[in-house]
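K.L.:
There's a structure below that I have some questions on.
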């Protein structure tokens, strides 16, 4: 196939791994760094917000956010992300990757800063402004999903493309770690400067007025890494595949990539395209060629995120259970931030981050399909192993075993479908739909994240009315919720069968664009001047 491929695309496919590949990973990965930092930090800060703004005089436990406020603060960024993935995914195919890439970053930087500012001081105003800016922050983050994946896949060579796209995604791991470490530093500094009694001793004094700065500083610092890469993003040339295959300018693509690859690439005449191959998104022809692929990428991402985001439910119970986080009333407000941040950073260090990098190391060796299948398989096994003897795990002496199994579930999510569902949609669709289809797949994932984070919050409540958390209706209990999650992962294995293997193949081979060129060059030699634009 490469014989009929444009020279510039062939040069990219066979290029040796070089410095520009690593700069592209860092520039593209900073969006994910910010994404993980922001989504992660909010879970550190919600307890503090509860203490500051929802304190009840005389209550034996510190104030907490009411269920509806908690769901809004945690969930509004998901809604924004979903909208951003669809909108910017579509825009990236219409205007080009580079133009849209700067926009998403600016939105992220401005909204990160704004989410730490609040107009007014009463709880309602503070929560409303926080939710407003977190929605738009999510909107910017959403745009980063399809664009970063598409840009990286279009820049990479075919031998190590999977590892490069996975490395962009793995920057999330560093975002999580940085969020945790920064929160630990801020909390330790404030605790040293403004010591306070624990809640049990003096409820009011346990939350010092300065604690209001802690959450704002933690949220606003999320803007820094993104702002630092803005200049680099604006200097990146448009990807050769967009320029050549969508904008139909093979000459410009060749000259751009000559500079990037530092090799001479011979510019060639733009090939004409056969009208039968200018099919639109969701047309009959698209559905015939890529319909099942799109179903595969959307369904697996949806199912994975249900399981992946439901972890937050069990996290606080697990931490309390193993004694990493003592009861809330035995700490002051800032100590609580410190303890939660420390616990989450340890989990990230032990299971989350290594999983990502295992994927980077092996994705081009054993392939996407094998990693995704294996990940879903082990997640299913561990979920059932946690669920079926659930009562056994609740005894104090078995808690360490529970944490080990729980960590393994998330190790195999990251060394498994969490990374591959991000990589594959950027490789298997035609250039003119690549960003849109990745956005659709990612948005489907975010829908799953909402089901995981909020559906299971209600589902996991005890069936016994007297034992539910304050403000929640009875659910099916944790044991049954874990069984449901096991079934979700099993379905993930089934839908993985729809996803094709793209290891070692060029993007044009995967999307069938080479075959289009084969047909068009033979049937359209005589009217090579009137290329049909499909942008």
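The backbone N, Cα and C atoms fix where each Cβ goes, glycine too.
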K.L.:
From 163-190, 247-274, 275-302, which range did TrEMBL mark with transmembrane segment?
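P.N.:
Of 163-190, 247-274, 275-302, TrEMBL gives transmembrane segment for 163-190.
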K.L.:
Write down the single range among 213-231, 308-326, 517-535 that appears in TrEMBL as transmembrane segment.
P.N.:
213-231
K.L.:
Would you mind listing the long-range same-chain contacts of the transmembrane segment (439-460), meaning Cβ under 8 Å and 6+ residues beyond its ends?
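P.N.:
Same-chain residues near the transmembrane segment (439-460) but 6 or more away: 71, 74-75, 78-79, 81-82, 85-90, 92, 142, 145-146, 294, 297-299, 301-310, 312-313, 421-422, 425, 472-473, 475-478, 480-481, 484-485.
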K.L.:
Which residues, given as numbers and ranges, are at least 6 beyond the ends of the transmembrane segment (213-231) yet have a Cβ under 8 Å from it?
P.N.:
26-27, 30-31, 33-34, 37-38, 41-42, 44-45, 48-49, 52, 102, 105-106, 108-110, 112-113, 115-117, 178-179, 182-183, 186-187, 190, 334, 337
